[in-house]
């Protein structure tokens, strides 16, 4: 009988191998020819299931960014390996204060769990490489723009217009961002 934890089958401890705890590939640059100029490479390590850990490499082309998003199941700690990265998050209290910082190689910054945050290449002439660690094996990612403008079924345009303080025509054109 298979035992499932976090939706994955737990391996019989007598059959565990070193490869279950290994991921090779975070040294390989990701393809940043995306609309945002950013790509994340998640390290898939089966042996970490139930450990509450995961990690990913971030690659940012010149002017590349990771749009405002949340990780509902994890805090994130990012380490800059190459380049300069602007990071920020918005506090969740009524103040909605932006906490932002420009990071250099070797700097580490933490995004608290569930808070809207972003990252972007702070300079337009170099690539940025970062390494992120998450306090969950399944941090999940929800992009604010996609959640609001690409839900199925769609959020009513009049509500989006009021929420974002734009006219309905503008709100209806914001889909797919």
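Please read every residue number as a count from 1 along the shown chain.
For all residues, glycine too, the Cβ spot is worked out from N, Cα and C.
Annotation comment: TrEMBL describes 24-172 as domain 'Cupin type-1'. Summarising the annotation, TrEMBL assigns Mn(2+) binding site to 69, 71, 76, 117. For 71, 76, the entry in TrEMBL reads oxalate binding site.
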Please list, for the domain 'Cupin type-1' (24-172), how many residues fall into helix, strand and coil according to DSSP.
22 helix, 55 strand, 72 coil
So around the Mn(2+) site, 69, 71, 76, 117 aside, which residues have their CB within 8 A of the centroid of those CB atoms?
70, 74, 89, 111, 115, 116, 139, 141
Looking at the binding-site residues 69, 71, 117, which one has the fewest other Cβ atoms within 10 Å of its own Cβ?
69
If you count Cβ atoms within 10 Å of the Cβ of residue 76 (Mn(2+) binding site), leaving out that atom itself, what do you get?
26
Stretch-averaged pLDDT - the domain 'Cupin type-1' (24-172):
92
